[in-house]
Amino acid sequence: MHKKIARWVQDKKSGIKRAVVTAYDYPFARLAAEAGVHGILVGDSLGMVVGGGSDTLGVTLEQMAYHTGMVVRGAGDCLVFADLPFGSYEKGPEQAWAAAVTLLRAGADVVKLEGGAEMASTVAFCTERGINICAHIGLTPQRVRQWGSFQRQGTDADSARRLQADAGALAEAGARFLVLEAVPDALAANITRDIAIPTIGIGAGPDTDAQVLVIHDLLGLGTESPPFARRYIEGGRIMRDALAEYVREVGNSEFPPRRKR
């Protein structure tokens, strides 16, 4: 097992929490690494956060590889996760493995895919062939057009049992990590307790082994943030004020300063 991953597994056993951010480029990856963040996810959410799209479905494998390379160059010792985008892995294990290799060649340590027990054979195939897989259940954004909206999952007894079964099947298949998104806190806590691999929560309460937030959300760079996100600063306002000051100084001939020679 990769020594970085082994450290995460040991931290789960010891009750030590890990902090992950979703980032898409070198400058933000470098800031995260310098701040002591433990993991960086190169998410297909780049299609929404930096691409302005309404969902993640238009993101390509080539785009994911490009952004993964940028993040890796700034990530330092952070564990780097990268998303397999919609359409790059659902046909079967062979397609998923080939797509995952592309992201590994871009520098990713772990490749993430969405889906429950139906993806267990794909997880096993990739794991047996040298790919570290992070599974993702609960709210899986790549299915938004099937559901019609981004909605919480596991809120009734039947769906909660199904998600618990999914978690067990994916862990048994060899997944190294499991993302739990937008599920009830108690369900996330139960799954975290029941499986040996580290869980990473987003909108899933405080009891997962790690938490992940989009770096733009926690820095206050977007106009809106998900209800589970915390804006640690109003970075967008600070940046707008700086840009407005630049515009003012240029307009008043204060910048650049006049040189004597």
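Keep in mind that glycine also has a Cβ here, set from the backbone N, Cα and C atoms.
These figures come from a predicted structure and were not determined experimentally.
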Listed in Swiss-Prot for the Mg(2+) site shared with Asp83, Glu114, one of Asp44, Asp55, Asp156
Asp44
Residues satisfying Cβ distance under 8 Å from Asp83 (3-methyl-2-oxobutanoate binding site), sequence separation of at least 6:
Leu41, Val42, Gly43, Asp44, Ser45, Met64, Val111, Lys112, Leu113
